[in-house]
Amino acid sequence: MSGLCACTLVGAAQVQQLEAALFAAGMPVEALMEKAGLRLAAAIAADYPAGGYPRVGVLVGPGHNGGDALVVARELWLVGRSVQVFCPRPPIKPLARAHLDYFQSLGGRVHTGAVPEEPGVDLWVDGLFGFGLERPVAEPYAGLMAQVNASGVPVAAVDLPSGLSSETGEALGGLAVRAARTYCLGLWKRGLWQDAALDWLGVPVRLEIGFSEAQVRSVLGEDHRSARLLLPDAARAGLPLARPATAHKYSVGTLLAVAGSRQYGGAATLVALGARSGGPGMLYLALPESLADRVAARLPEAIVHPCPQAENGALADLPGVDLEKFDAVVCGPGLGKAEQALVLRLAREAAGALVLDADGLNLIAGQLEVLAQRAAPTVLTPHPGEFKRLFPDIALADRQGAARTAALRSHAWIVLKGARTVVASPSGQVWVNPGGSPALARGGSGDVLAGLLGALLAQCENPEPAVLGAVWWHAAAGEWLAARHTVLGVDAETLALGLLPFLAADGP
């Protein structure tokens, strides 16, 4: 299996370019459809064995997606399944029509027009529409899709569920087939890894159909680096961070966290716990003076700077803090209504990497141009609401594209949090983390991530492995902990304290 093909995310136009290159090189269209259909049939037969799913209904649309599904229908029929084909309208593509005729010649049943209220199937195969759909599905297909969704019968979708945008993952017009499994052919379609697709996708499975790594590089050029999955093997390759035998506390990262307020006192503790798990040699905390004793008692190894606080309990200033001596600075968790000048000072004076999270993002909004003047890396970690405050003109329907645009504009790394967190580099590379758990939908989870990011950045000259490693580690630990404590049992403190046990359990 090609590593590049396993992680590259493509849109409809890129798929068309790849297929055109295959056909120009001599691959017959018929051979590609046959190969795709055979791979689909084998996967579906394995995942849905005949003992539990003897009766299969195959939904056939007007194009080549329907042709792939008809190959599946033929193969399942030939091994003894009861197969019915539902074809509201005859296929437009001649090749798909030929497969339909052949299926009928074998004695297969084909239904045109309306589907019976009780079709008598144990499994649907959705081959109505594939990639490139740009508008809501019309009748008679829309009614059929609604009927399938209401049937309660599992659906195996070909390439992507019918009705989904292959770019944004949204259900066009609000209607798509709700799949139990989606068998993506060749390269991953971008839309399958957008948050909007999660309600429709089921379990995503990728099937190889013949794209080689050389062909992908030849056709897409540098575009093959524009969007990819953050695969676990690559993300955790450098974790835990290696240390030479001669390491000392000042050589393995000095980190400053600027966090907390009277209203959000726990945030300072959580960012510090997340940072501690990342293993910086020295951890400094700049906190409102009212929080200093409490946090120092919880993290005795941290060096705490009690700082003046305003009447509202927010951090007022950083007296005596030399921002040039830190390898990384984290700012924002729980800051509350601090002054914008505080964050602007950090952006201008911090010599090391800078992570802005939570209130740090809100305070830098409208002043992002200051980030372009920084020599060291900057990482912005917004959730969708914070993203809209930072970049009000960038639509979030395409989260991958939005993160990329924001990164290019701000000259910063963007960690766009969500069910599938998107990471974009200042050069425009995009990664989507396929892992994670709704267990992380808890206040304070982001504070832990901010601290972990800062800790790894403080120890890495190259920000890429630090950012990608932290995003993967945080999400994967959440999954691991949810499996042990249930989805309701992963509060932010449990997450922070579980980071290192997870990494030890997941290690070689």
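Our numbering is plain: 1 for the first residue shown, then up by one each step along the chain.
A Cβ is built for glycine as well, from the same backbone N, Cα and C atoms used for every other residue.
Annotation source Swiss-Prot lists K(+) binding site at Asn65, Asp126, Ser162, citing similarity to another entry. The secondary structure of Asp126 (K(+) binding site), as reduced to three states from DSSP, is extended strand.
In the structure as shown, the Cβ atom of Tyr141 ((6S)-NADPHX 1 binding site) sits within 10 Å of 20 other Cβ atoms. If you look up Swiss-Prot, you'll see Tyr141, Asp159 marked as (6S)-NADPHX 1 binding site, on the strength of similarity to another entry.
Under DSSP, Gly334 ((6S)-NADPHX 2 binding site) is assigned to coil, being neither helix nor strand in the three-state scheme. Shown in sequence order, Ala259, Gly260, Ser261, Gln263, Tyr264, Gly265, Gly266, Ala267, Ala268, Val271, Ala358, Asp359, Asp447 are the residues of the chain, 6+ apart in sequence, with a C-beta less than 8 angstroms from the C-beta of Gly334 ((6S)-NADPHX 2 binding site). Marked as (6S)-NADPHX 2 binding site by Swiss-Prot on the basis of similarity to another entry: Gly334, Asp447.
On its own chain, Arg442 (ADP binding site) has Val490, Asp491, Ala492, Leu495 as residues at least 6 apart in sequence with a Cβ closer than 8 Å to its own Cβ. According to Swiss-Prot, the ADP binding site annotation covers 417-421, 437-446.
Sequence annotations record features per position, and here Swiss-Prot assigns domain 'YjeF N-terminal' to 15-217.
Mean model confidence for the domain 'YjeF C-terminal' (232-506) is a pLDDT of 96. Taken from Swiss-Prot, the feature domain 'YjeF C-terminal' covers 232-506.
Tertiary proximity for the region 'NADPHX 1' (64-68) is limited to same-chain residues at least six positions away from its ends with a CB under 8 Å from its CB atoms, namely 33, 36-37, 40, 87, 91, 93, 95-96, 99, 127-130, 158-159, 162, 185. Taken from Swiss-Prot, the feature region 'NADPHX 1' applies to 64-68 (among others).
Annotated region 'NADPHX 1' per Swiss-Prot: 130-136 (among others), in sequence order, evidence recorded as similarity to another entry.
For 232-508, the entry in Swiss-Prot reads region 'ADP-dependent (S)-NAD(P)H-hydrate dehydratase'.
Here the region 'NADPHX 2' (383-389) has, by DSSP, the following mix of helix, strand and coil residues: 6 helix, 0 strand, 1 coil. Per Swiss-Prot, the feature region 'NADPHX 2' maps to 383-389.
Nonlocal intrachain contacts for the region 'NADPHX 1' (130-136), taken as residues 6+ away from its ends with a CB within less than 8 angstroms of a stretch CB, comprise 12, 15-16, 61, 63-65, 68, 142, 158-160, 162-166, 172-175, 189. Across the region 'NADPHX 1' (64-68), DSSP assigns 5 helix, 0 strand, 0 coil.
Apart from Asn65, Asp126, Ser162, the residues listed for K(+), the same chain places the Cβ atoms of Leu59, Gly61, Gly66, Ala69, Gly127, Leu128, Phe129, Gly130, Ala157, Val158, Asp159, Leu160, Pro161, Val177 within 8 Å of the centroid of those Cβ atoms. Within 10 Å (C-alpha to C-alpha) of Asp159 ((6S)-NADPHX 1 binding site) lie the following binding-site residues from Asp126, Lys417, Gly444: Asp126. Sequence-distant neighbours of Gly446 (ADP binding site) (same chain, six or more apart, CB under 8 Å from its CB) are Pro333, Asp357, Ala358, Thr381, His383, Lys417, listed in sequence order.
If you draw a 10 Å sphere around the CB of Ala419 (ADP binding site), it holds 17 other CB atoms from the protein chains shown.
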